Structure formats: structure tokens, C-alpha cells
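The block underneath contains the structure these notes are about, expressed in C-alpha cells.
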Amino acid sequence: MDFVPTRFQVVFDGTHFPTFPEPPIWARDTLEIPLYAAAASALILAIRAVALWRRPSDLSIQKSWKDVTIYGGTVVLIHNIARAWACLALVGLSLASLAICRTEMNGLEPRLGLELGLCVLYVYAAALAVFSVRATTRTGIVAAWHLNCILVVAFGVYFYRDIFPYATYTWPIQDAFEGHILTGKLVTLTLAAVVIPLVTPRAYVPVDPNNPMPVPSPEQTASPLSLILFSFLDPVIIQAYKLPHLPFDMLPPLADSDMSENLKKRSFPNIDTFSGASGHHIFFGIIKTFSNEYSAIIFLLILYSLCMFASPIGINRVLAYLENGPEDSPIRPIVWIIWLAFGPLIGTTALQAYFRLSMRILVQVEGLLTELIFEHALRVRVKAHNEHPDAPTPPSPKDDASSTNGASESDASSETVQGTASTISKDPKSASNSTKQGSVDVGKISNLVTTDLRNVTNMADFLLLLFYMPITIVFCVVFLYIVLGWSSFVGMFTMLMLFPVSGIAARILQGIQIGRIKAADARIGTISETMNVLRMIKLFGWEDRMLERVNNKREEELLWIWRREIFEWVANTVKKSDHSASNVIPIITMLVTYFILSPQTVIMKQELRPSIVFSTMPVFDMLRNQLHMANYRVIQFIDSKVSLDRINDFLHNTELLDQFAEDKEGSAEVLGADDTTRSQEIGFRDAMFTWSNENDGSATPSRHRFTLRIDDELLFKRGRFNLVLGPTGAGKTSLLMALLGEMHFIPATPSSWYNLPREGGVAYAAQESWVLNETIRDNILFGSEFDEERYKKVLYQCALERDLELFEAGDQSEVGEKGLSLFLECLTLSGGQKARCTLARAIYSKAEILLLDDVLAALDVHTSKWIVEKCFTGDLVKGRTVILVTHNVALAAPIADHTISIGLNGRITSQGSVAEALQHDKKLAEEANAELQVMEQVVDAEAAETKPGKDDSKKDGKLILAEEVQLGRVKWSAVGLYLRGLGGVGFYVAFLGFYTCSQLAQVLETWYLGYFASKYENSPPGSVSVSYHLGVYGMITLFDILAKSFGDIIFAFACLRASRVIHRQLTESILGTTLRWLDITPASRVIARFTADITAVDGPILNVFAGFVVVTLSMASSFGAVVFLTPLFSVPGVFAAIIGGAFGQLFIKAQLSVKRESSNAKAPVLGHFSAAIAGLTSIRAYGAQVPFITESLRRINRYTRAARTLSLLDRWVGVRLAAVGNILAAVLAVYLVYFRNEQSNNVGFSLNMAAGFSMRILFWVVRIWNDVQIQGINSLERIQQYINIEQEPKPTEVGKPPAHWPSSGELVVEKLSARYSPDGPKVLRDISFRVNSGERVGIVGRTGSGKSSLTLALLRCIYTEGTVHYDGIPTSSINLDALRSNITIIPQMLLSGTLRHNLDPFGQYDDPTLNMALRAAGLYSLQEEMDEGRLVLDSVISSGGSNLSVGQRQILALARAIVRESKLLILDEATSAIDYKTDGIIQTSLRTELKSDVTVITVAHRLQTILDSDKIMVLDEGRIVEFDAPKELLKNPKGKLRALVDESGDKDNLYAMAEGRSSSKS
């Protein structure tokens, strides 16, 4: 353990301990003590009975006496009956003793009263034993406690009187006159007071009597002895040893006291202000919740601190016996030898019990805070932006973003709000807190449950700092004063004077740690953003540039790591080097103290005897350890406090939704009876809304000072279809958010209000579709009951039947992270598919009010038309209130009953009918006319048409691969990854050589001090040269320090090299993998490798490796030293090593399985949290908070079950190995004392080395070897898994194209076929075509026809066959980076930073070029009418572009493509979410701004977008069915394009477009 000294053992000077020739006077009346205890017990029970006599009786008493559960089960009943009989036997034996006293009156008259009292005592005990048989009742539990106390007191008295005298030379047995009756008493009392209570299983008493566990946890029912030795884990450990991997279901069941539901009931009233907690810091709430556990921990720490001196006392008394004989002490040496075995074992038991409690609290607090943050996040107003883009929030190492099934009924309340409320999260009962509100975004919330929560859990041992260290230091000071007298204060004063040297180094190291963390945050931020846009990076061929950027960030971090390693051995904080500046301090302290004490000084002139040396040397070291730990723990404590303060600030000072805010002004009034009519209305009156309650008037970075203003009254029609119209960026989505209560309400007049009735339920479909990591069916049902008829109607009306046919598992296909799905043709759900799934969820729900945010934007015109005709006018929508935000005025106008129009300034420009809206907004009217002409221009086949004969056999539909769980032992190839990274043979020779010299010097130091002290025994007084011997000792120590320091420096260089190599290999592997691997692997898993696992490589793994070497060499040197002096020790030493190794193997096998299960159980907790945070608006709109909270609690329970088992396994092996080591030391002591004549200094040295060896066996197996395999190799395994993944072809010299390539945009495709996996079906089938340089080609086709697949095939992003010539060179012969960097496809992904950084991430272009690209993309035309919030090159863009509308993102993505000036430009639905006016501007810009030799391939659904192209390609089922100039295709009367144009209402204009383009080309 961190606070367990590993070098020395304490040895007391025998002359300073009192001895008793016979028991003291007070001990002769000790038989009265049990009588006092019994009287106190009876008095307490009587008072309790009086206090409880009027209360209801225990409910369990009503059960039949035949019900064995009352007694705690059959086994418990048998044990309690046996103890009752033992108590009755004690009554009989006491009566026999009373008879002896009456018969033999020789001096026994005073005993008559005592014996009579003892008879009454045992009768009382027997009565308590009878009551305690009903073990599960309140009466039985209280009786058992009193019985245990009385019997333990009686046993202790008899042990002192009649057993302990056998361990002395002079003490008499007090009750010897009783003869065999005394023997019977002792045996019976031992059974009743010790044996039976220790082995009796505890009765299961459920925390919640109404919800008992079906199978209680073995930890709850284990006997006290089993709990002390952790033997209740034996079945699990044995089962884990037999199986390759112990599955989760075979772990011990979770105790109901650990169930998150019960913990929530227990703790939330203390830590959650919305559950009644005060506004105090959350730390005090946690202390209050676990006050009982912390009281027990304090007791255990006191016991352990005392037991730290047990082994030194035992060694001291053995040495005293060897030096002075039996005259030195009345205690026999065998007692101290037994004490050597059991004294430290008691301390170890107390330590392991402490860890059991502290780790239990740690796991519980981790779960509680996760749930508390999650539930509070459901109340906060989330702003998806980074306030400080230059300081990215480190991502959480989470895994699959899975979520929950289910939604509950909406709250039966109306959200009418009058006035405004403060939106600061504070104590709902108090308004005294005036802290300025904090803003919070999704990244910050996620960071709270990852980085901050991890820091908080590191504070689990805070009582070591606040309690354990002070009392241990006090004990050390007292000890040193007893042994050394006042010279000890000189030594301690010297230590205190020198200790600031270590403190200065520690402060320097703290600064280095801060710098390293900042550098790591920057690297992780870059990695996180890289993963978010990795598809774009690969499509643009930016892998090498991003690799260079990541490596530069890594080098900055490695520089700080190097500084940390150099200073670490000086400060001795993070890595506990055996010799650094912190070790120089006790060495100098000891030398000064011994010099003051020595006979050659004029101060004390005392002999420096071996007992003094072997006593004080380790105690100084122990004291140094405590001071050092204070230095280390304070730094850790500060980090934890900062994170806990962040969590507390989030809980108390973050901005809440108005409905949760405290009513400071009493303005959020409840509607009176006269407001009943208005409570059913949907709308606003004189209201303004902003994205935050910012009283200082500063702009919200994410919304550019946007304010939504509603003047007068705006009402939506109930039971009707309402449209919300407006240009891109006008605030249409904000109107829905305001209605849902997501924006801050600012009243303009006293009568201001807004209202959204929720009695009948509300359903919401977001513009950015939110899908769960569940099956498609579960996404649609969202927790509602399955109604097959309704479900089929929803699939039909939402045009999903055709899509489900294309899924191998139909509606059981799993939708994964970001909408990934197991799709035959494409690996991701298209935007239209996700939008229809989101729409289907809303339609399937039975909510009376549907809020639909631009669900038609991601759909082609035909599918949109289908949705409008089949869904919006269907029976499932009839009679429901629908509020639809859309750009498609013409398509939605026929069904609209009411229309609201919003201008660019966020104001309502009109409301009423569609005609009225068009009359007020001429531009909107022009756009509607354009849409009307396009509406019939459909290229897709019937979206909902189904084909018969589909195979009913379905696959399981799983896409996201389950997290890999390694089976059995760790893979040593992963260790080789690190060992090779460290260096070659030269490194290992130098490193191991220096470390070996250091360990040998340490052994020599200990031996030489004993040799120095022995000189006083064999030399005349005054003849021993103190300065000479201390000088030799100092030289040995100096050599030790130098050897260790050189080894540390060499190792630091090697660690730096290994960290650099492994990180680079991992980065290259991820950047070089295939798109398919990225599709099936959540980005969160990859980020976890770059965060938790790489952090392990930089810190824990190197520390574990160094610790492994140091402890292994130390153990070998200790064992060798003892064997050298005592060769026979090799036999028990090897035997102990074998036993310890066997325990270690059992432990490690179980630990590996449980550790893996714990890691895999943690990921879903974070995944569910992240998924829910991403969909907060949808969850709140549906009123689904309760089922999401329930699912969160379920996942926390699963993680807690694995984490608790994991922590208990450490305790299991710790107790057993401590027993082995302590018994080994006792065996050696017996041999040296009774069978070998050795000098005291050699005996002390041997016992010291043996104790160190036994301790190191425990430390080596439990901490070092376990850390090597669990912390080290496990992380290396995970990294190696992602280094050895499928890769795209690497660049070669042969694959470099000529410097002039490409000089034109000519594209020739011959027999191109493509598939998404090597064994998957073809999605393109023998496609051949030619595109001349500078031509514009439009591609059309229904969903699934292969349009997007063709664009990916051109970039070699999927598996292809056939030939593609780009500017005369086959693309298969060109390096991928060269190919993709010269072809531009437009992915809609943005980076965090400025707009300039998004357009030109690598600083290749000047501002005029960038502005020209923005103008060509249509941004400036879009912003002509905006008064504020215009985007410029210095505008800050959030990660992923979350602070922009979807249309704005598409415009910026298009501008970025224009900047690249590639000869081939591919637009895949690049303008789908842009209004028609802006789309027209963009198309005009593309025709005029691009150079004449740029080839443009456009995938689109709007015919007017592509009909003036030079050529049009029509795809169907992966084949080209038509490909020619539009004019030529329109000449074919049976052609598909001709049919579509002829059906259009504006065919003359379309023909003119085709003719015009043809004329211009000619």
C-alpha cells in the first residue's frame, strides 16, 4: 500500500518496557467486570423497552414460528441454538464452581458472591441467547448484540486470569482451584463468545422489506470470520480458475444495500437540492450519508496504525531475550514469536477491512454522483458550444452510446408561464445564493462524469490524510522519544529543516503535472476532433497532415512527461523510488541522531546498541513516509477538491430550464379558474426568448445574440396542421424550442405568457435526428406498447417499408452510434432514413401534439410528397395538433390550416393562412412558386412499394461490434509491444545493472548498521569510532543513491521512446483504417485508447514496470541475504513463495475476468449518459425522463456489481498472503531463537530481511504483478487490438503520380463494381461511363440505387473491381492520399475553431481566397438581410458546427470544397437542407465561379438542380439505366428522365433548361 513502509521493521529497545513480576492488584478482582457489563446491558435494554413499548410490534413477529426465515435460515438457527445451549452449560458450570466455593471455604469466602453473580450473568446470557434465535427481528438483533458484548467481556477476563499466565514465567493462574471445571468453562466460553459468533452466518435483513433480494449477496450473509478472511469469495475464485473467462452472470449478486435505487433514497435527501438537501457543499452531504461507514473506518485506521508496531515489538523482545536472557522479561519468547505472526496479521485484517469499506463507498459515490449529474442534466439548459475553443474539453473514454427503451406518459400539466424566473440551479428552498449563473454544454456535462468523477474517486482515502497520518506521526514521535530520549527531537528537527527540499521539488513537480495535463488536454482535443471528422479527413486525403498535427501535440506532451520523470525521483511523489531526495532526509536525520547519541559525544554519551539501531532506523523511515504521503496526498486532495467543486458548481450554479428555476419574484403563477380556456391554448403573448438568461447582456456565443420576439398574441390551432416558415437561420427551430421551454422566457408586458398543454402528451421530431443504440423497432416504439396494426401503419405512412426490406434483420436491425446500421448497400442510415425513423417515433406515439422540425429537409421530393399525402393526411395524424417547420412551402401548403412566418431578425412577420403569409412575404411567395414547379420533378420510384417473397429469416441485426473481452491470460505479445518500445539489449543491461547495484547496496546498508552497533558489545568502551562507521555507512548510501538515479534517468529516456512509438503506431493505424471499420467501431472506443490507455502507457505502466523490477530485485536480495546467513531458511522461503504464488495465480485469474467485465459494464453507463445528454430536448419533449432514469440506475447497478467484486478480490488475496509472510517470519524466529546460536545483530538483520521478504511477496503479488497484468498489459492489449486492424493500402514510391497530375478532370470508368465488405453483396454492378474534363454530370436515382456508393467508389473508400482512369491514370495505381487530395467530395462536417480554420485547416490560403469561396457558396447572399450575428472568417464555430443551422453547415462545407480547387468536384446532396433561393444562388455560383476545366458530379433529388448539366446519369439497383446529355435523354419517349419531365407541371421550363445548356455547350 502507498502508506506501508517496505524497507524496514520497527524494533523496540527492551529496556524501556515495563514488566510485571505478578499481576497488578486491580487484576485480582477482574471477575466483577463481566457483572458490571451485564448490569449495564440490562439497564440499557430496560430503558429501550420503556421507550418502545407503545410503538407497533415488529411485523416479522406476525409470521408463523414455523417459518424458518424468521430465524435467518436453517444454518443460522442451528448456530444460535448451539450458543443458547453453551450459555446454559455455563450456568451449570458456574453452579458447580459455586458448590466448590461452599464446600472448600479455605480463603474462598469472597468468591461466593462473585460466583453467585456469575451464575446470574450466565442465566441472563442464556435468556438473551433465546431471544437472539429470532435473528431477523428487531428484538433478536438487539439481543444478539448485547449477548456478544457480555460474552466477549467474560472471555477477556478469563483469558487474562487463566490463559495468559501460561505465557509468562511468574504469573499465577487465578482460578486454578476449580480444576477441570475451569477447563470446561474456558472451552465452553470460547465456543459461546468466540467460535460460534465468528462462524455463524449473518441473517439477511433486506434494506427495503417490501423488495427483498431474491438471492441475497454472500457478503451480506457471510459469517464474521468469512467476512474478515473474505472466504465468501472462494466459490467465485474457484469457478473463475476453472473457466477461460468468468461471465458477468456468475459474479456474486449485488447486495441490496449497494442497489442504486436504495442508495438514491438514502443519499439524495443529503446531496440533491431537488430532493430536500440544503444548499451546502455536496462534500458534506456525502459525509452525512456515509457517516456510519466513516466512523468504522476511523476505528480500523487506529487499529492498523497501532498494529504497524506489532512486528518491531516482537523482534525487539526476541533480541532482548538473546542479549539478556529470561531476566529481561517475564514473557516467554514463544509469545513474541507468535506475536510476530498474528500481530501484523491483525493489522493487515484491519487494513483490508478498511479498504473494503472505503472501496465500497468509492463505488457507491461514483454511481450516486453519476446518477445525480444525470438527473440534474435533465433540468439544465444545454448550450452546445465551447466557450473557450482554445481549451478543448477532454473527451470521455466512453463506449457504445446506447440508451434506453421507453418513454413515459407526459406530465399531466400545462406549461403556461407568466413572467420570468431566475434560472440558476440552487436550493429550491432558499434564494440566498447569488453566485453568477454558469453556462454548460454537452461536453462539460460529459466531462463531469469522466475526468472529474475519476478525480473525485481518487479522494476516497481522504481520511488517510486527515486522520491516519496525524495519529501515526504521533505514535512515531512517542516511540522515538521512548527509545532515544531527547536526541530524537534533534533528529526530527533536522528532518523538518530538510523536508522543504522535498517540498520544493514536489511543488515543481506539481507545476509540471499541470503543464502535462494541459498538453494532454490539447492532444486529446485534437484526437477527439479528428475522430469526429475522420471520414472527412480520409475523403480529403489529410491523413499525413493530421498525423503530423497529432504528433506535434504528442511531442509537447512528451516534453512535460520527460520533465516529470526527471523531477519525480527528486520529489518522490508519483513514483515511489526507494532513494531520492526524500530518502536523503531520513538518512541525514539518522546520522545526526546517532552522532548525538554516541558515547564519543559530550551530549548524551549512550551506547549505540543493535536494539537502538534496528528500532529507530525504520521509524525514521516510517515518519518520513507519513510526511511524504502528506505531500503526495495533499496534491491529490487538491485535484479532487477542484473536481468536486466543479460538480458542486454544476449542481448549484448552472442555468436551469425556466420550469425548474426557483421563483424569486413569484412570477411563475399558476393559472386560476378563469384561465382554464387559455391553459388549453398553444402559443405566446408578448414574449421574448433567448438561449440563456444572461443578465449582463453579453452575447451567447452559440446563438450570436439571437432573440426570438413574439409581439401581441401568437396562437397555434388545436387539432389542426400548423406551418412555420422562414429562411435559413431565421429561428424556426427556436420557436419550437421556446414552446418546449428550452429557451429562456423574457416577458415584454405583465400579461406575457406562453403555453404548451401536456395533458395529452407531446411528441417531438428534431431536425438533427436523434436515434438510440437500439433496434429500429425500439427506436420507433420508444417504450410504448407494441400495437402491430398501428406499427405497420406507421411504417407504411413514413415510407419505411422499402428501407426495412434492405436491412438483413428488418426492423430488428440495430442502429448504432450516429445512426450506423447494418445495411446491405450502405453502412450508414441516410439522413432521410434517420429523419423518417424520428418521424415514425412521433407518429407512433399517442401524443396529441406533434412538433416536427424540418423533417422533410433530408428527404427527396417524392418521399416528401409521400409523407405529406400518406402520413400527414392519414388517420394516425387526423385530429392531432401538428406544428411543422419546413422550407417546402408548396408541398405542405395544401394541408396547412395555419401558417406562421419568421423573418431573419427573429420576429414573427405574419400568421394566418398560407396565402396571407405569401402575401406578406414576396420572397417567400417567389420561393413557393419555384417549389411548385419542382414538386412533381421526382426521380425516385414508389418509396413505399414493397416486393413480395422476402425471406423471413432475419439476422440478429447487430452492427456495433461488442467490446472485445479477452479470455484467459493476458497476451504477452502486448507486453512485447512495450518492451520493444523501451529499447534494445544495451538499455536492459544498463538499466538492470544500476538497479541491481542499488538493491545490493540497500541490503549492505542494513547489515552494516547492525555490524556497527555490535561493535559496542565486543569492544572496550570508547574504542568504537563513530565518525568512521557513519562515514562508511554514508558512502554506501551515496553509492545506492547514485546507482538508482542513473537507472532512473536511463529508464526515463526509454519510457519517452516507448510512449512516442506506441502512440504513433496507434495514430497511424486509426488514420489508415477503412471506412467500414470506422462504421462498425464507435468513435468513443477509439478515443478511449487515446485517453485512458495511452495515459496508462505514460504513467501507470512505466511505474508498474519500474516497480516490478525494483520489488523483484528487492525480494531476491532480501531472500538471498537471509539464505546467506541462514541457509536453512531457503526451505520455508521457497515453500512460502509457492503458497503465495498459488494464491496469486487464483487471484489473478479471477481478477482478469472481473476487471474486464467491470470495464465493459462501465462503458454502457457512460454510453447511456452520453446518448441521453445528446437527446435531452427530445427526452424532455416526450416526458421520458423517468424511464431514462430507471435505465441509468439499472446500468449503474450492473457496473457496481462488477466493481464491488473487483475490489473484494484484492482484499481476499491480501489477507492470505499476509498470513503466509507473517508465519514465515515466525518460523525463522523460532529457528534462530531455539535452534541456532547467533549474535543479536545477525538475528535482527535476518528477521528484518525475512519480514521484508514476506511483505514484498504480498506487495509483489497483490500490487506489482497484478498491476502488470491488469493496469499494464490490459491497456497494452487494448492498444494492440487497434494497432492490428484492417488497413487501407499504404503509400508507396511507385504510387506517387506525376507532378503535373491531374492536369484535367477527365474521368473514365470501365466495368466498375463495388461492395462494402469483401464478402458483401455488390452495390454497383459493371458500371462504365466517360466524363470529359470540365463537364457537369448529374446523378439521379431512388434511395438505394447506388448514388452515394458511386462517389465512394471513385475515391476507393469501399471495395471495388474494374478500372477508373482519372486524367489518364488508373486510380488503383495511385496512392490513396494523392488520389483523394485531388478529388473533392463535400462531407457536412466542421471543426471547432474559427470559420477560417474550417475552410483552411492547414493555413494554405489567404483571406481573399477564402472570402471568395464563401461568396461562391452563397453565404453572403444568405446574410444580406441579417442585422446581427453574421458569419465572418473570425466567427467561432463549435465542434461539429453545433452552433450553426444545418443549412449554414452545408454552405460552409461547400465553400471548403471550392477552396481546394480540385479538378473533380463531387456534390452529394450538398444543398438538401438549404432553402430553394439559396440553392439557386449556389448553383449559379458553381456555374460561374469554377474554372472551365473542373469536372462537377452532382447527386441531387431536385431536377432543376441538375437538369442543365452536360450529362445526366440515372441509376437503378447499382446499374446505369440512362446516361447522356439531357437533350438526348429527353428525345427518348420511353426514357425515365423524359417521363419525369413530362409529368412535371413546368416541363416547358425544364426542356428549355436542357436545350439552353446544350446550346451553350455547342
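For all residues, glycine too, the Cβ spot is worked out from N, Cα and C.
As given in TrEMBL:
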TRANSMEM  33-53  transmembrane segment
TRANSMEM  74-100  transmembrane segment
TRANSMEM  112-133  transmembrane segment
TRANSMEM  140-160  transmembrane segment
TRANSMEM  294-314  transmembrane segment
DOMAIN    296-567  domain 'ABC transmembrane type-1'
TRANSMEM  334-355  transmembrane segment
REGION    385-438  region 'Disordered'
COMPBIAS  402-438  compositional bias 'Polar residues'
TRANSMEM  462-483  transmembrane segment
TRANSMEM  489-509  transmembrane segment
DOMAIN    682-930  domain 'ABC transporter'
COILED    915-945  coiled coil
TRANSMEM  977-995  transmembrane segment
DOMAIN    989-1269  domain 'ABC transmembrane type-1'
TRANSMEM  1101-1123  transmembrane segment
TRANSMEM  1129-1148  transmembrane segment
TRANSMEM  1213-1234  transmembrane segment
DOMAIN    1307-1542  domain 'ABC transporter'
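Proximity of distant same-chain residues to the transmembrane segment (977-995), defined by a Cβ-Cβ separation under 8 Å and at least 6 residues beyond the stretch ends, is recorded for 1043-1044, 1046-1047, 1050-1051, 1054-1055, 1057-1059, 1061-1062, 1097, 1101, 1105, 1109-1110, 1113, 1272, 1276, 1279-1280, 1283. Outside the transmembrane segment (140-160), and at least 6 residues removed from its termini, the chain residues within Cβ reach (under 8 Å) are 27, 30-31, 33-34, 37-38, 41, 44-45, 48, 83, 87, 121, 124-125, 128-129, 131-134, 175, 185-186, 189-190, 192-194, 197, 205. Across 33-53, 74-100, 462-483, 1213-1234, the stretch most heavily in contact with the transmembrane segment (334-355), judged by Cβ pairs under 8 Å, is 1213-1234. Here the transmembrane segment (462-483) sits against the transmembrane segment (294-314); at least 3 CB pairs are under 8 Å, leaving out pairs fewer than 6 apart in sequence. Within the same chain, residues 114, 117-118, 120-121, 124-125, 142, 146, 149-150, 153-154, 157 sit at least 6 positions outside the transmembrane segment (33-53) and bring their C-beta atoms closer than 8 Å to a C-beta of that stretch.
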